[in-house]
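> Dumping the structure here so I can ask a few things about it.
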Amino acid sequence: MEVRQEKKGMIELKDDKVFTWPTLVAKEFLAAIFVTVGLLFYSYFVDAPLRELSNPGQAENPAKAPWYFLGLQEVLVYFDPWFAGVVLPSIIILGLILIPYLDNNPKGNGYYTFKERRFAVTTFVFGYIFWYVLIYIGTALRGPFWAFFWPWEKWTHDFPTPPPLHNLPLPLGIILMCGFYFAGLTLPALFKKDFFMKLGIIRYSLTMGLLLTMIGTVIKMVFRLAFNVKFIIATPWINI
Amino acid sequence: MKLIPDLIKKITNNEIWRSVFRHGYADTPRNRALQIISNIWLHLHPVKVREHGTKIRFTWCMGGITFFIFLFETITGILLMFYYVPDVNRAYADIVDLMYVVPFGRFLRNSHRWGAHAMVITVSVHMFRVFLTGSYKPPRQFNWVVGVILLVLTFLLSFTGYLLPWDQLGYWAITVGTNMARATPFLGHEGPFSYILGMRPDNDIRFALLGGTAIDAPALLRAYVWHCIAIPVIASALMMVHFWRVRKDGGISGPL
């Protein structure tokens, strides 16, 4: 069979290749040296933390997970452990894994651009920053009994009693929750037809489901902070 | 006056030297290529790369630095293993010995600890860069997946190491962390719907993680084995896949 190449049109490939040795290897070598020197320099002056011998009878207050998990520990204030400690991190990992399969925008492959992928970059950067903001709050602003302290305040055991929390009535909670996901899934599809059509129904549903869960987590926090709402949905089996 | 050139010639122009180093160092394109191809460590690289891929402003050097810190942690970790025994009666004393008795022990432990924190940061910045350059797009989708798993493994590596000093900091951090496991839906004894599977404190997923109902000797040993052997082996295997796929998926990502 004859291959008709002329129809494809020529692609101008730039020959921008350089020798790995020494262009890249030299930089890697320098990076390795700088990292080593930096780590050793820091290690010489700053000691790794070591507290007294572990004592199961005497809990640390506050007891904190390693810093990179403190974002999740901070979420624990607003959600039950099954969500903050297990389901949310699982959704985050799953969502990260799904990114390449959900984002079918062919533009912005291999170069920095915001203009060509506004939605993807905005969503990811928001999530990334949010993760680190939570880590900062959990690390620096949470004192004994996980009470909130501003950076300029001293950690004490003498802090005002937090206001009492209340649950939303169950019917209202279910309506709010279903309404949130329903509106979040349908409205963009109606008003941003382009966006919907480009993704197709499966990619669209997964993308919006993940996005709504991220936004919903934030909204729940706002509900707690502004209106002292403990749970949106409270049942004997599960609380959200 | 010809002493040094003569000496160099004497050293390099013999059978032993040539059996180790196969080619000269005259700066020719051929030697630049051979430098990569004939070196087991460097042949991870292609002979030539696209120029933007060598720019720090494009890669931020974060993936490479993460790998380097992994090697750094392996070396310092092996050295620490000479002095540390994961036994609840000894572990804390071994760390105190490292800090006050072992020559350079404090330096060794500090650099291992700070290296671990640095690796968590660099790996997450690497992910950020890969996202911003859209490098997970076809044909590199699967390598992003491998990368996400490696990110999680980095967290777990650091997390399992946290318990080993057996001090209050690590003990209660791991307590907080593993307590989450008992809230796992279906599989943790305090999680929603766990009654369906008949979960109790002594048969749920937290029990499997700790090897007990509380953090004690079995948990310390498990943390140690995961930290020093299991996770590094799994992570190494996945790193091989990760780097291999970078090459096989067309080298470093870049504009067409």
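Yeah, the Cβs are placed from backbone N, Cα and C, and that goes for glycine too.
TrEMBL does not curate its annotations; it predicts them automatically.
Here the structure is a predicted model, which means the values were calculated and not measured.
Sequence annotations record features per position, and here TrEMBL assigns domain 'Cytochrome b/b6 C-terminal region profile' to A:10-138. What TrEMBL records for A:21-45, A:82-102, A:123-150, A:170-191, A:203-223 is transmembrane segment.
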> Tell me, roughly as an integer, the mean pLDDT over the domain 'Cytochrome b/b6 C-terminal region profile' (A:10-138).
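Mean model confidence (pLDDT) across the domain 'Cytochrome b/b6 C-terminal region profile' (A:10-138) is 93.
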> Could you tell me what the rest of the chain brings near the transmembrane segment (A:203-223), counting residues at least six beyond its ends with Cβ under 8 Å?
75, 78-79, 88, 91, 95, 98, 101-102, 104, 123, 126-127, 130, 180-181, 184-185, 188-189, 195-196, 229, 232, 240
> According to DSSP, how is the domain 'Cytochrome b/b6 C-terminal region profile' (A:10-138) divided among helix, strand and coil residues?
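Output for the domain 'Cytochrome b/b6 C-terminal region profile' (A:10-138) reads 81 helix, 4 strand, 44 coil.
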